């Protein structure tokens, strides 16, 4: 009886240990996707969408930038070639399918900012303003001035969201 309990405990420990090592190997091989950090808030994504496309999902691709977030091929590749369910990164339509899907597009931006996020306006923090600049102008040019219409729409959206949030919290 005691021997059976000891054997059961040893088997459970071996099973858990085996599970951990298997999971680590699968993660290392990229066969299981771990939840990645998401630096961009929902509000920030909304304002990026508003400033880039007016959140108009009917214009699929414009000058090589696709979806409501106007993602480029290079951004998609740098972000890890994410795909919509049922697709693979090697199909000819993988980029446009992902960029035109709001969830895949948003996840692409999240991965892109994990890779390239930085303080573009020298305010000692990495925030939505920086992500908007990185996405629109690229990670190596984000300290330059943003185009007026994009910046104006983007900042107006952020101010509106901040006011709405303050109203909600004061109720």
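Using N, Cα and C of the backbone, Cβ positions are placed for all residues, glycine too.
Annotated signal peptide per TrEMBL: 1-34, in sequence order.
All chains included, 23 other C-beta atoms sit within 10 angstroms of the C-beta of residue 44 (disulfide bond). Annotated disulfide bond per TrEMBL: 44-128 (among others), in sequence order.
As annotated by TrEMBL, disulfide bond applies to 49-55 (among others). Its Cβ placed at the centre, residue 49 (disulfide bond) has 22 other Cβ atoms within 10 Å.
The annotation disulfide bond is assigned in TrEMBL to 98-104 (among others). Cβ contacts within 10 Å of residue 104 (disulfide bond), excluding its own Cβ and spanning all protein chains shown: 20.
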Please report the Cα separation of residue 44 (disulfide bond) and residue 98 (disulfide bond) in Å, rounded to an integer. 19
Fill in the CA-CA distance, residue 55 (disulfide bond) to residue 104 (disulfide bond), as an integer in Å. 15
What is the total of other Cβ atoms whose distance to the Cβ of residue 98 (disulfide bond) is within 10 Å? 24
Rounded to an integer, what is the Cα-Cα distance in Å between residue 98 (disulfide bond) and residue 49 (disulfide bond)? 15
